[in-house]
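> One structure, as structure tokens, below. Some questions next.
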Amino acid sequence: MLIKLPKASDCHESDVTPESFYLSRRSLLGGALAGVAASSLPRWASADEASRYADVEAGRAPSWFAEKLPGTKWQAVTVKDEAITPFKDATHYNNFYEFGTGKGDPATNAGSLKTEPWSVVIDGEVAKPGRYALEDFMNPYQLEERIYRLRCVEAWSMVIPWIGFPISALLKQVEPTSKAKYIRFETLQDPKSMPGQRSSFGLIDWPYIEGLRLDEAMNPLAILAVGMYGRELPNQNGAPLRLVVPWKYGFKSVKSIVRISLVSEQPKTTWQSIAADEYGFYANVNPTVDHPRWTQARERRLPSGLFSPNVRETQMFNGYSDEVASLYTDLDLRKNY
Ligand SMILES: Nc1nc2c(c(=O)[nH]1)N[C@H]1C(S)=C(S)[C@@H](COP(=O)(O)O)O[C@H]1N2
Ligand SMILES: [Mo]
């Protein structure tokens, strides 16, 4: 069992957070910051949250987020015995082609993304369609911290402490009709703020589209995230709202979502449209089915350098078999990659 569903008795932050990335609340409040005027603290919801992870750059949280954050169910799901990737790596080694194809481009360019105000459209096969301001959209949900592995199809991986809520809770709110079989997610399309969408060499037909089967979306591990490392999402990580499905390759986890549609047919996803023989709809992490250009048997766990590549074996469903394998018993995973 690699996921620890915590009982109060066995939930220790040190289980998932290596010493170097963890400052105890007591040492922070009693030590370095004691006597510092509250107004000079970074804009955290509270000093408590600032102490969860070290070296986290403070952002400008929207007020709805700051108000919700203290009620977060911390470490609702964790990864045992694996270090959390430093914030710096998780925010400076990104794929977000709307801001360029280089790994550093999103960190450099995503400042132009305007995340407030933000609205989300819910449409298609639902009893309650609508367009919601993000703060209203988020109103029904309690935030949970979910510490998940993220495995990119390019064979690198990280461990990221997301903050979000299960998609199953959203589906309960919007009430899919009996015709709804899939859920489709659409990223913002705004060439003015997204330089990658202005590029004339682009092979991508914007906006970026992803999708899940409805039963996959209902799985308790599938979340919509609004934060990470105890703060709101940085723009380069898909602010203000993104999908996180940890048993699938990273490209399924679509960023900066503006539209969520319940549909009866399997949506055509961005990467399928680019190269259907390389990127399938399911995209479950699978060490036994190689990508044409790279093996999926192993991965580089970031931070990874020339002299310490930090290579590890890739696990079936990225280590989440116990939770998700039952979704695929009727599927040939070689054909449905
Ligand atoms: N809209 C959009 N979403 C996207 C991408 C993208 O280019 N555009 N890249 C995907 C890929 S390939 C990966 S690996 C993850 C990376 O998420 P991270 O940068 O937060 O680690 O985002 C995914 N979501
Ligand atoms: Mo990826």
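Using the three backbone atoms N, Cα and C, a Cβ is placed for every residue, glycine included.
Sharing the record's features from TrEMBL:
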{"type": "BINDING", "residues": "Asn94, Tyr97, Glu98, Cys152, Thr187, Asn237, Arg242, Ser253, Val254, Lys255", "note": "Mo-molybdopterin binding site"}
{"type": "DOMAIN", "residues": "114-271", "note": "domain 'Oxidoreductase molybdopterin-binding'"}
> For Asn94 (Mo-molybdopterin binding site), what is the tally of other C-beta atoms lying within 10 angstroms of its C-beta?
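Within a 10 Å radius of the Cβ of Asn94 (Mo-molybdopterin binding site) lie 24 other Cβ atoms.
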> Find the longest CA to CA distance in the recorded Mo-molybdopterin-binding set Asn94, Tyr97, Glu98, Cys152, Thr187, Asn237, Arg242, Ser253, Val254, Lys255; express it in Å as a whole number.
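Taking every pair of listed residues, the largest Cα separation comes to 19 Å.
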> Near ligand 1, which of the binding-site residues Asn94, Arg242, Val254 are found, taking a Cβ distance under 6 A to any of its atoms?
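Near ligand 1, sequence order: Asn94, Val254.
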> Could you pull the average pLDDT for the domain 'Oxidoreductase molybdopterin-binding' (114-271)?
97
> Within 10 Å of each Cβ, count the other Cβ atoms, then let me know which of the binding-site residues Glu98, Arg242 comes out lowest.
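Comparing Cβ neighbours within 10 Å for the binding-site residues Glu98, Arg242, Arg242 has the fewest.
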